[in-house]
Amino acid sequence: MNTMITFLVLFVLTAANGAPEANERKIPEAIHNEDQSLAEMAEELMFFLQQTEFEAPLLQEEEEAEXAEXRNSRERRCAMGDVPCTKGKTNCCKGYECKPKSPAWWYDTDFCQSIHSGRPIGI
């Protein structure tokens, strides 16, 4: 344990005091290279921003067209069996039609009923 602590202290002292002249020479070159790379990155960023400003309205128009297609192609909600409906405005699903439930007077509205017996075709 004492050996490890000794080597650790020696390493810290060497790193702190070792060859400061070599590090001082490299710093200005690194700063100069960073300045050049930052300038190049700034130019590339400006070019990219100009491209995106040009393409943004085109992409927005495409998204609006896709949203309009999806909105128009969406299937409307429909009513299945034994759901009240009106004769003039049918909201019954495919395979159902708006018919009176029975000839009884207490059913004042019509209901969606299956055209065929069993499960309707197409659903």
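From the backbone N, Cα and C atoms, a Cβ is placed for every residue, glycine too.
According to Swiss-Prot, the feature signal peptide maps to 1-18.
Long-range Cβ neighbours of Cys78 (disulfide bond) (same chain, at least 6 residues apart, Cβ-Cβ under 8 Å): Asn91, Cys92, Cys93, Lys94, Tyr96. Annotated disulfide bond per Swiss-Prot: Cys78-Cys93 (among others), in sequence order, evidence recorded as similarity to another entry.
Sequence-distant contacts (6 or more apart, same chain, Cβ under 8 Å) of Cys85 (disulfide bond) comprise Ala79, Asn91, Cys92, Cys98, Thr109, Asp110, Phe111, Cys112. The disulfide bond feature in Swiss-Prot is assigned to Cys85-Cys98 (among others); the stated evidence is similarity to another entry.
The disulfide bond annotation in Swiss-Prot covers Cys92-Cys112 (among others). Within 10 Å of the C-beta of Cys92 (disulfide bond) there are 22 other C-beta atoms, taking all protein chains into account.
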